[in-house]
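Q: Okay, handing you the structure first.
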């Protein structure tokens, strides 16, 4: 399959979608969401369940219509078209394979809807099954396949239509961990060989970070942050994003001339924290800031370290050791130690430091 | 029912039906399946050949006795009667073995003893098949959208709707059929609405209306039970793949609902074939059906052997129909089950 990137990208412009809530009232599933997804991009919509990411996916597919806003694919306005007129296809979380059809008939279905005969569609069906590495399974029924194989058939069925955008709704959620890892690699390979734009919904932040060229983090119907995995991980836009992606400890601090004064009285030097310049400007002098700390950006130092705490627990997790410590002000932080480092006993008093510039001030 | 080799076997999973026609289907269908091992026989064969322990054998005994007493014995009596002659004054049966009753179904004996072909009884059979088929088609056309609509409601509404469909069963069929006499007669509400009596009652049309009315729940319920299991996300997937609404109905919804539809067809067609109440009350006895013929022979005409012969002919017709459905089900690769 050759590149399908003939469009100028997918544009979501101010899409709002409201539903009547089961217990009365209105739920705003999407609140003025705007996104620009580029051609041939692997774009991930990430967020906890109920944050609106699946609603956005269904809006692009045409299974939902927005109350406000527009969806454009290149120069074509999508949100006014029925699904069968959109060059967009979906891989459903439940796979939704037709149980009464064979694998090949499932893949052929969408092509026949374009007016092809089954015979005309056959080479394309074979090509699609080849792409997902199931060339021998065409005559089987979906019920005779494993979950991972059904997943591949669903992928082949959607890709056989040669969509410009492929939507994937938590496609790996039902697979076990090992299979999921394998399929992630496979998806990435397929996306790169076909050049189709992938819009991938997941609530698994690890999956999002390892798969996405860029990702959008959803928070209660709005987009909290858009960026590359590295940007989102290292410079989270707010406390929600920092908390949702990766393991994070939060410290509340007061901005002073010397640095950041914590509740317990310790002062973290200003050079340990970045992003704070903006914070200081917006919050005004002496304002409170929240500092997000990743376990790998904290180190256990000597008595001259700026922060002081007591070790509460040390957990060996195979690749490293996680040390939970309580600071003077009662804040809990997690420190990652490389394997082989000294294993601090619970109750030990330790000095703690932050790698220069690695503390990240976020909006609370 | 999950056994793919024995389609149409109401008796294997359900308690023996009290309707002779259904009971016969139960005893006949496993036989047809065993003589013809299907291509999907792997699971079925394993089940049949599983060594049955003592417990298994004794547990089928009550059911077997029940079937023998309530289905087998009456069947033997009916078949035996059909090969005898009329008793004294037409009551009961008498005399030696005779095929006269069967001959009478096809031939008329002239005064000089010669026999010529007589299409009257064949005509009654034909009329019955035609009316039963019409009833079945009307029920299917009405029930399919109804059942699919029901299946798309909320679970609460669905329970209420299923309940509503079963409400007619609270009243005797005879009473409900009389209600149609009141509705359709020349002074009834239909004529009132039209402004002029158009002679609806005592026509084949009235018979068909009565049959459709009585049979409809038997079509709606099995179709609904299939439609309820249908995963409507499949319809979304089809929509996403470029199908329009009618194509989705035809290519995705219909195949899923088909087993229920086939079950409904069996449940409607076979009882309609033997119906006698509706042609009697609504058809005015003018449009005779097989059921009326049997009733007449045992009643007014006092010819029990002929009545038995007609009954046996009806049984054979029923059997052939069931086998036809079983074959069609096998060819379609569908597991057909009743409810």
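The backbone N, Cα and C atoms fix where each Cβ goes, and this holds for glycine too.
Those TrEMBL annotations? Automatic predictions, nothing curated.
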Q: Which range is it, out of B:12-35, B:36-59, B:60-83, that shows up in TrEMBL as transmembrane segment?
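A: So the range that TrEMBL calls transmembrane segment is B:60-83.
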Q: Can you identify, from B:159-181, B:228-250, the stretch that TrEMBL calls transmembrane segment?
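A: Spelled out, TrEMBL records transmembrane segment over residues B:159-181, not the other listed ranges.
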Q: Below 8 Å between Cβ atoms, which of the listed ranges B:60-83, B:159-181, B:252-277, B:306-329 makes the most pairs with the transmembrane segment (B:129-152)?
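A: Ranked by Cβ pairs under 8 Å, first place goes to B:252-277.
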Q: Which sequence positions outside the transmembrane segment (B:201-224), separated from its termini by at least 6 residues, show Cβ-Cβ distances below 8 Å to it?
A: 131-132, 134-136, 138-140, 142-144, 146-148, 150-151, 162, 165-166, 168-169, 173, 176-177, 180-181, 184-186, 188, 257, 260-261, 263-265, 267-268, 271-272, 275, 277-279, 281-284, 286-287, 289, 338-339
Q: Give residue numbers and ranges for long-range contacts of the transmembrane segment (B:159-181): same chain, 6 or more residues beyond its ends, CB-CB under 8 A.
A: 150, 153, 201, 206, 209-210, 213-214, 217, 220-221, 224, 277-278, 281-282
